[in-house]
Protein chains: 2
Amino acid sequence: MAARTIADEGEFGLIAAVTSGLTMPDAVTVGPGDDCAVFAPTGQVVVSTDALYEDVHFRKAWSGPHDVGRKAVGSALADVEAMGATPLGVVVALSAPPETPTDWVLEFTKGVREECELAGAALVGGDTTRGPAIGVVVTVFGDLQGRTPLLRSGARPGDVVAYVGRLGMAAAGLAVLGRGFRSPGAVVRAHRVPEVPYGQGRVASQAGATSLIDCSDGPLADLGHVARASGVAIDLDSGSLDVDEAQKTVAAAIGGGDPLNYILTGGDDHALLGTFAGSDVPQGWTVIGRVLPLGPDAEASVTVDGKVWSGDAGGWRHF
Amino acid sequence: MAARTIADEGEFGLIAAVTSGLTMPDAVTVGPGDDCAVFAPTGQVVVSTDALYEDVHFRKAWSGPHDVGRKAVGSALADVEAMGATPLGVVVALSAPPETPTDWVLEFTKGVREECELAGAALVGGDTTRGPAIGVVVTVFGDLQGRTPLLRSGARPGDVVAYVGRLGMAAAGLAVLGRGFRSPGAVVRAHRVPEVPYGQGRVASQAGATSLIDCSDGPLADLGHVARASGVAIDLDSGSLDVDEAQKTVAAAIGGGDPLNYILTGGDDHALLGTFAGSDVPQGWTVIGRVLPLGPDAEASVTVDGKVWSGDAGGWRHF
């Protein structure tokens, strides 16, 4: 018997399956099923939207539907954390070819729901539609709960740079998958699903962070945004960057050069990178550098041990 | 010289072009350019997400980029109006093949901005990414400003059904375009760009509407949602439905049968359909039917002149 496809379910059958048994927190006053969902924030609201497309951002051969659901939601909610906000709600627009198995969508939905639960956010709505390939657009919103938004522009000379989360693990995973390997497991899993440090955006805000960003394109690229927005320079201390055994293994096995490359230029782990007065760094965060005044050439830049990093510093190129 | 493509611009160049010169209303405290946009609502917030894909929801041969931008935003914001809320912000996730001309995206953006301006909403953020075809996912936010959300479930026997906006014009336009014609202009334009009755959601709420929905799949299908959610029956009066001259012309020219079919089953015009106590119907709205108690078979249904409509009542089938 052929597996059921989403064409068999139809739009309304699919939506019913995706939303069945959802419970809503008090802050969501109208859940899925009407023209809009409705929520009642207690402070200012932050919003961001993020797209993942098959064969651009993920491959079905490398990531299962559950992974894709978790990654789509996690990578979007990291932006909420990066404002110092608390995740509140998620809407998901899924496009897929009609022959997509229903089971793929149901597993994807389980991943979406699991990541929402980890973050404390509610899946409040979505859209399902036919499309040429699987495409997932997740729009997230969070509640600042009275806190001031943490911008990229607040870093001050004298601050230290610190992070919480993982760095360069997803990039090492992508490197091995691209060569046809499926191990080490730690980096492959990191490519499939980020481990977003939920709650640490609020923690950073309460600790007095001066700027915050989530690491989606690698620390050199992302701290570059902070440096430019703040009109400062940033220098990282390579000795403070712990290379994971799995990253060393990958670099050695595939001739990938210095494993610090994964850490400095690898995106998709969605760690949080913040700047703080030195005494304000929260517990669990690691100091990896410092904020400096602009040099005589007045060009905002990120250096490593005082020098321009010579490895691949390209970040992710979208087109 | 070859036209520039979005691959030539790169992601950041494209974002700069798309967001250049945007001004933000007071309610938007952080505009595009950080991890999230931030806004400060005055009441509960409504949210909805809507996808348009090339060759599923629009064809490049039939709709220009400016049209697609307006339609994507308008069809999404109609859901905000349908809650009785006031449009506040819009985020747009655009995916496109790398060879897409830059000009296509810039014209699309002009359409997005123009529709935002008509609605009084701000374009606060987005995402641009490579994808297999042009895909536009618009997520919209609105502010209830202290009003109660208008749900589909509030219709009561004794209410009248009224609408504001256009009905069946886009469907007639799609019918002629599908046969290779480009006229009458009124219906072709209606297919390309909806005319969302901005502000009328708030008006309906203030007038005391008991339910409200936007007409995206045709009144029979959309009022069917209201009937089921409210546990009522709805009967429409065909004599109250004004057939446009252009709709008559199309039905006669292409053998499309009764032009009322376009009105009753045609979606994509994004009129607002509401139920009201008879004395509460706002100025500019047209009464087209009434809400009845459920019949003895207790099946919520929408009838026309007391009978099941025999024309095509399928609405839009997504898969």
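Each residue, glycine too, has its Cβ placed from N, Cα and C.
Features as listed in TrEMBL:
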type: DOMAIN; residues: A:33-142; note: domain 'PurM-like N-terminal'
type: BINDING; residues: A:Asp35, A:Ser48, A:Asp79; note: Mg(2+) 4 binding site
type: BINDING; residues: A:Asp35, A:Asp79, A:Asp214; note: Mg(2+) 3 binding site
type: BINDING; residues: A:Thr49, A:Asp50, A:Asp127; note: Mg(2+) 1 binding site
type: BINDING; residues: A:Asp50, A:Asp79; note: Mg(2+) 2 binding site
type: BINDING; residues: A:His57, A:Asp268, A:Trp316; note: substrate binding site
type: BINDING; residues: A:Gly126, A:Asp127, A:Arg152, A:Ser216; note: ATP binding site
type: BINDING; residues: A:Asp217; note: Mg(2+) 5 binding site
Structural state of A:Asp127 (Mg(2+) 1 binding site), classified by DSSP into three states: strand
The domain 'PurM-like N-terminal' (A:33-142) - residue tally per DSSP class, helix then strand then coil: 35 helix, 44 strand, 31 coil
Cα-Cα distance linking A:His57 (substrate binding site) and A:Asp79 (Mg(2+) 4 binding site), given in Å to the nearest integer: 17
Binding-site residues, contacting chain B; criterion Cβ under 8 Å; candidates A:Asp50, A:Asp79, A:Ser216, A:Asp217: A:Asp50, A:Asp79
Rounded mean pLDDT for the residues that make up the domain 'PurM-like N-terminal' (A:33-142): 95
Other CB atoms, at most 10 A from the CB of the residue listed as 'Mg(2+) 5 binding site': 21
Candidate binding-site residues A:Thr49, A:Asp50, A:Gly126, pick with smallest Cα gap to A:Asp35 (Mg(2+) 4 binding site): A:Gly126
Sparsest-packed among the binding-site residues, when each Cβ's other Cβ atoms within 10 Å are tallied, from A:Ser48, A:Thr49, A:Ser216: A:Ser216
Number of Cβ atoms other than its own within 10 Å, given for A:Asp79 (Mg(2+) 4 binding site): 27
Secondary-structure category, per DSSP, in which A:Arg152 (ATP binding site) falls: helix
A:His57 (substrate binding site) to A:Thr49 (Mg(2+) 1 binding site) - Cα separation in whole Å: 15
A:Asp268 (substrate binding site) versus A:Asp127 (Mg(2+) 1 binding site) - Cα distance in angstrom: 25
Inter-residue Cα distance where the pair is A:Asp50 (Mg(2+) 1 binding site) and A:Arg152 (ATP binding site), in Å: 19
In three-state DSSP terms, the structure that A:Asp214 (Mg(2+) 3 binding site) belongs to: strand
Those binding-site residues, out of A:Ser48, A:Thr49, A:Asp50, A:Asp268, that come within 10 angstroms of A:Ser216 (ATP binding site) at the Cα: A:Asp268
Cα-nearest neighbour of A:Ser48 (Mg(2+) 4 binding site) within the listed binding-site residues, A:Gly126, A:Asp214, A:Asp217: A:Asp214
